[in-house]
Amino acid sequence: MTYRKPRTNGSMVNGSRMALKASGESMMVYTISQTSSNHIPGGTQWLECTKGTDITEQFLTHHLSGNAESIIPKYFVRKTKQPKNSPFTFADDGFYSTLKSKIVEKRKEIPKDVRKKSDLITDMLLVLFLIGSPLTCWVWTQNLLLGLASTVVVSYVLTCLTFCGHNYFHRTDSWRMDWRVTHAMSHHLHTNTAQDIELGLLEPFLQFLPNPNKPILVQMAAFYYPVIYAFVILGCLIKDVAVSLAGYRGKKLTWTNVIPFAVPVWMWLASGSYFPWVISVWLLMIILSSEFFVIFGLTAGHLSHTNFFEGDIPRSDKIDWGIHQIDTIVENIDNAGNHFKSITRFGDHALHHLFPTLDHAELKYLYPTLLEHCEKYDTQLRMTNFYNALLSQSKQLIRKRPNNFREKTANPL
C-alpha cells in the first residue's frame, strides 16, 4: 500500500510504478520526449503523470473519438510478456465497449453549443466569488449576523466553483484543473477499492471500506463525520504546500500553489479591511466550503452501504470495468438531468464516471442509451436522493460485513 501512506499524488504514482514492476511489463511503452502535446489529445501533463505506469484504463475511458487509437501504434514497442494484473476487462462485446460505441453515435445528436453553458456558469460563479469575498469582509464590519450569513453564501459559491473545476480537468491541459492525479488516475479508475486514494485521504478518521475488524471508535464516525469534513480542504492545502516545500517524491512549488493564497490578498486589497481579520474570514470561508464540498461530494453516489467496496464479494474475479462502475454508484436523482446541479454537485455521476471527458452539459442527453444498455446486460442504474444518500453513507461507515455481489446476475463477460 505504498500509495496510501503518506497519501499524496507522488505516493500514488510511485505505488503504481512499483505494482507494475511486480506484476510484469506495461501494455504500452512510450517515450515522452518523442511525443508532443500536438500529438496527444490530453496534453503533455498526462504523459508526465503516467510515465512508468499502466495506462490501460485511463486510455480506454478517456478517449471516445478514435483519434488516440490511431496515434498509439506509432509508439508500439512490443507485446507484454505477462498478462495484465487487473480484475477489470474491456472485451469488445462487453458492457463498456459496446456502450462506448453507442455513446459515440449518440453524441452526434447533442447540440454543439451546450459546452458553452458550462463555461458561462463557471465564469459567472468566479465573478460572484471575486465580488462577494471582499464584500463579505466589509459586511462583517457593519453587522455580525449579516457578515456570518454572507460568509455562508460566498462559501457555497466557492464550493460550486470548485465542483465546476472538476468538469474540466479530465480533458486537455487547462488553468481550470486541479487534483488530476488522485481523482482522474485513481478514484475514477479504481473506484471504491484500496487503490482509490480518495478513500485513503480520509483515513484513519473515516474508513469506508468494510472491515470485520473495524474498531467501534471508527464506526462512531457515522455521527462525528461533519467535524472531519470541515477541515478536509484546509488539511489538503497545508499538506500540499508542505509536500511541495519538502520536495517529496519530486513535487515542486509551482504557480498553482499560489492561487489559494491570492484569495485573501484580493479580499484585503478590495475591502481595505484589517489583514488579520481578512485571514480569519478567509479561513472560515474555507471551513464552510469544505463542509459543503465534502457533504455534496460524498453523497454523489459512491458511498452507499449497498454499493460494492473492496472487501465485498465481487461478481467474479474478472469483471467488465463498466459494470464495476455501475456497482459502485447509486445515482442522486436530485441532481440528475439538471445542468446547474450536475456541474455544481457532481451530478449525473454514473455517466460522468463512464465517460469522464464529456462535459456535464452533455450527460443528460445520454440517459436513454445508458438505461437501455443496462437492461440488455441485466444490470441496473440505482437511484436515491440526497437525504437517503446521507443516511446510507453513515451506514457504510458502520458496515463491517461484506455485501455479496456474486449473487447478482449478469451476462458472461
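Heads up, the Cβ atoms here are built off N, Cα and C, so glycines get one too.
In TrEMBL, annotation is done automatically, which means it is predicted and not curated.
Copied over from TrEMBL:
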DOMAIN    29-79  domain 'Cytochrome b5 heme-binding'
DOMAIN    179-382  domain 'Fatty acid desaturase'
TRANSMEM  120-141  transmembrane segment
TRANSMEM  147-169  transmembrane segment
TRANSMEM  223-248  transmembrane segment
TRANSMEM  274-298  transmembrane segment
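The average pLDDT computed for the domain 'Cytochrome b5 heme-binding' (29-79) is 66. Under 8 Å from some Cβ of the transmembrane segment (274-298) lie the Cβ atoms of residues 133, 136-137, 140, 151-152, 154-156, 158-159, 162-163, 226, 229-234, 237, 263-264, 267-268, 345-346, 390, 393, all in the same chain and six or more residues away from its ends. Same-chain neighbours of the transmembrane segment (223-248): 6, 8, 10, 201-202, 205-206, 254, 257, 260, 283, 286-291, 293-295, 298, 393-394, 397, counting only residues six or more beyond its ends whose CB sits under 8 Å from a CB of the stretch.
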